[in-house]
Amino acid sequence: DFLCISLVNGFTQLRYNLGDRTVILQTLQKVHTNGNTWHLLNAGRVGNEGYLDLDGINVTQKASSGMNALDTHSDFFVGGVSSLNLVNPMATENEPTGFTGCIREMVINNRELNLTVTDPKGGANIGDCDGTDCGYTVCKNNGTCQVGNSGFSCSCPKEWTGTKCEQSIHCSQNMCGSHALCIPQPSSFSYTCACALGWTGKYCDNKIKFYIAKFVGNSYIKYTDPFYGKRDLQYSRLSLNFTTNQTEGLIVWMGKSEDEDNDFLAIGLANGTLKVVINLGERISIPLMHRKYFTCSDGRWHFTTVVQNQTCVKVYLDEELILFEDIDPQRKYTALNYGGICYFGGFEIGRKVNIVTTGLFQKEFIGKIKDVVLFQDSKKIQLMKAEGYNIHDGNS
């Protein structure tokens, strides 16, 4: 399998092969090779349907029957490759050769890659393309960059300040402590402080410990599983206690949540009832709903366990088996490749639950969580030692 974007006789070409045939799309117009014109290129595929867009002129390849997943295990290369042997003979029209030119603002699956000295895994023979101190996006938030005798300066829109327009004017005189983030509130010309794990208070200056995590709606915990590399991902298990009086909310998302291709297992509430969603790689998420009775939003503690045995999923609520389903009898994908990441209560500040989960869950969790156990581990995970913000002590 491969996906390759290249220049061929002045035209941009996209080629991909998902395991059965090579699809070729080529732009209708040539690119300018004068060395000072920037082009905007959008290219990719949804299943086996491809698209290629150069400066707003779009070419598509309609979907057909056949393979629809891109299975590659190589590194991701930009502008060239470490060895020409890595290039599939069908990936380019002519003999493969390295790109000469400039590339900036590179976004893969909605994530921008930082084309800097330190962020990539490796590379060779790369220079600075802009040639000035301004470069690309030095000034944040639509600031305008000017080159002067002593470097650059940024002219900022009225809502922003700082040498790179990186700071909201509402946070310029903030009193948030060193364990906090300042969150601007433009509508009230003010700010709030988001407290890191282990801190609370208006300015996040009160140190706390907790064993029960209390979520208030703009809270989240991101836990990285230290044993992920040793897990048997065909047999996953997650259990926890929760309490809430809300009818909607994401309790836990076991997965990276970086793009829609990431595997995940999620537990939450919808209309007051327990909802479990799992994706083992099909991109089609299977929601499992418990409709027997609406008891999860009653302010009491509830114990839930989700067990994934290849494509068979069991869900227990308060020690009772409430769901048992085989989500794919064909056994096409059987492992939960969740990347070792578990989110509790929501996602990073600024990432809305309904958007990240594409509507599977509507809101961040408001309530308490305790006694989280992954797989068959003998110990509960220590939520205090994770990453997160706006978590209160649920004991008090």
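If you go along the chain as it appears here, the first residue is 1 and each next one adds 1.
From the backbone N, Cα and C atoms, a Cβ is placed for every residue, glycine too.
Residues or ranges marked as domain 'Laminin G' by TrEMBL: 1-129 (among others).
As annotated by TrEMBL, disulfide bond applies to CYS102-CYS129 (among others). Residues near CYS102 (disulfide bond) in space but far in sequence (CB under 8 A, at least 6 apart, same chain), listed by position: TRP38, CYS129.
What TrEMBL lists as domain 'EGF-like' is 130-166 (among others). Below 8 angstroms of C-beta separation, residues 104-105, 172, 186 of the same chain, each at least six residues beyond the ends of the domain 'EGF-like' (130-166), sit close to that stretch.
According to TrEMBL, the disulfide bond annotation covers CYS156-CYS165 (among others). Around CYS165 (disulfide bond), the same-chain residues six or more apart in sequence whose CB sits under 8 Å from its CB are CYS139, LYS140, ASN141, ASN142, GLY143, CYS154, CYS156, PRO157, listed in sequence order.
As annotated by TrEMBL, domain 'EGF-like' applies to 167-205 (among others). Sequence-remote contacts of a segment are chain residues at least 6 beyond its ends whose Cβ falls under 8 Å from one of its Cβ atoms, and for the domain 'EGF-like' (167-205) they are 158-161, 218, 221, 349, 383-384, 386-393.
Taken from TrEMBL, the feature disulfide bond applies to CYS176-CYS193 (among others).
Summarising the annotation, TrEMBL assigns disulfide bond to CYS195-CYS204 (among others). Long-range Cβ neighbours of CYS204 (disulfide bond) (same chain, at least 6 residues apart, Cβ-Cβ under 8 Å): CYS176, GLY177, HIS179, ALA180, CYS193, ALA194, CYS195, ALA196.
Residues or ranges marked as domain 'Laminin G' in TrEMBL: 210-396 (among others).
Most Cβ neighbours within 10 Å among the disulfide-bonded residues CYS129, CYS156, CYS195: this distinction goes to CYS195. Counting neighbouring Cβ atoms within 10 Å of each of the disulfide-bonded residues (CYS176, CYS193), the lowest count belongs to CYS176. Mean pLDDT, taken over the domain 'Laminin G' (1-129), works out to 88 on the 0 to 100 scale.
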